[in-house]
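Structure first, then comments.
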Amino acid sequence: MMNIKTNPFKAVSFVESAIKKALDNAGYLIAEIKYDGVRGNICVDNTANSYWLSRVSKTIPALEHLNGFDVRWKRLLNDDRCFYKDGFMLDGELMVKGVDFNTGSGLLRTKWTDTKNQEFHEELFVEPIRKKDKVPFKLHTGHLHIKLYAILPLHIVESGEDCDVMTLLMQEHVKNMLPLLQEYFPEIEWQAAESYEVYDMVELQQLYEQKRAEGHEGLIVKDPMCIYKRGKKSGWWKMKPENEADGIIQGLVWGTKGLANEGKVIGFEVLLESGRLVNATNISRALMDEFTETVKEATLSQWGFFSPYGIGDNDACTINPYDGWACQISYMEETPDGSLRHPSFVMFRGTEDNPQEKM
């Protein structure tokens with residue numbers, strides 16, 4: 001297994017003054033669609049071994065079967081049109097065709113095949129497969145849709161250093177690689193991220209509103225002159241209704257007694273990577289029911305008694321089966337004192353096999 005920290009360029013929150021400065025310097029901005037997918041880093045070394053990794057350098061469970069040698073990568077590396085003979089990393093957004101974000105990200109994080117996902121498996125099963133059968137889930141690559149942001153020489157990735165290629169040139173590098181990827185891996189839908197050039201802040205706002213109306217999450221605004229940096233750095237900015245943060249589940253949030261959601265799990269206490277503890281709620285009724293039933297089953301199995309609020313002077317009796325799970329929350333804004341407005345639970349970030357390890 002390749003021991004590498006991909007640490008891709010990650011956009012920071014929208015900062016109008018910084019964006020205006022980049023606009024004044026370059027004369028325009030590059031605005032790309034912000035896709036609802038799973039950030040993926042595909043590393044290919046000079047021996048034609050590939051590694052399909054998440055943005056935190058963990059193997060993506062549903063794509064683990066793609067790791068290792070593939071003669072098609074060898075042919076691509078030997079193609080005269082390939083500028084990266086010593087290996088490269090593709091940085092992009094991984095999506096599953098024909099399904100929404102939550103379904104797609106769930107499939108990519110899935111470890112075991114069952115009746116809910118076997119139609120997406122690379123093999124055709126005649127009989128229903130159950131999770132207890134322990135059949136590894138292998139996503140058929142025909143279901144994969146990949147939007148590419150960048151391509152980096154592998155030695156730069158391994159060094160941990162920034163890649164000294166400006167955004168405006170990186171787009172051309174991606175366009176040069178696309179025909180090779182489409183030729184050697186035609187079953188995968190490869191595309192460059194949809195991008196636009198805007199020449200003032202009014203035009204940027206109009207584009208943002210247009211893409212939101214089309215159903216997209218928002219935009220990634222990029223400084224054309226900024227090189228590809230490693231990690232969460234200024235030069236790429238998220239333009240979307242909310243910000244997000246990662247954290248670890250510490251507890252359950254129960255609905256208020258006497259109100260409609262009494263007796264239901266309405267969210268989680270989450271310890272953010274910043275060290276702040278928040279109550280992340282605002283989940284669907286379907287998730288409330290799912291989480292509540294899971295907690296109830298775990299508690300009854302352990303104690304034979306379930307009481308989310310306690311009875312009389314007795315404390316509540318519940319077990320949190322989600323304790324320690326990695327997750328992502330969203331929030332409207334951060335106040336000057338560091339607290340978050342309207343934190344909401346978005347999704348689990350761990351894998352099915354290890355929910356406590358962020359993917």
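Cβ coordinates come from backbone N, Cα and C, glycine included.
Residues annotated as active site, N6-AMP-lysine intermediate in Swiss-Prot: Lys34. A C-beta separation below 8 Å, combined with a sequence spacing of at least six in one chain, links Lys34 (active site, N6-AMP-lysine intermediate) to His216, Glu217, Gly218, Leu219, Ile220, Lys238, Met239, Lys240.
Taken from Swiss-Prot, the feature ATP binding site covers Glu32, Ile33, Lys34, Tyr35, Arg39, Arg55, Val56, Ser57, Glu93, Lys232, Lys238. In the three-state DSSP reading, Lys238 (ATP binding site) counts as strand.
Among the features that Swiss-Prot reports, divalent metal cation binding site is placed at Glu217. Taken residue by residue with DSSP, Glu217 (divalent metal cation binding site) is part of neither helix nor strand, so it is coil.
Taking every pair among Glu32, Ile33, Lys34, Tyr35, Arg39, Arg55, Val56, Ser57, Glu93, Lys232, Lys238, the residues listed as contacting ATP, the largest Cα to Cα separation comes to 24 Å. According to DSSP, Lys34 (active site, N6-AMP-lysine intermediate) sits within a strand segment.
The Cβ neighbour count for Val56 (ATP binding site), using a 10 Å radius and every protein chain shown, is 17.
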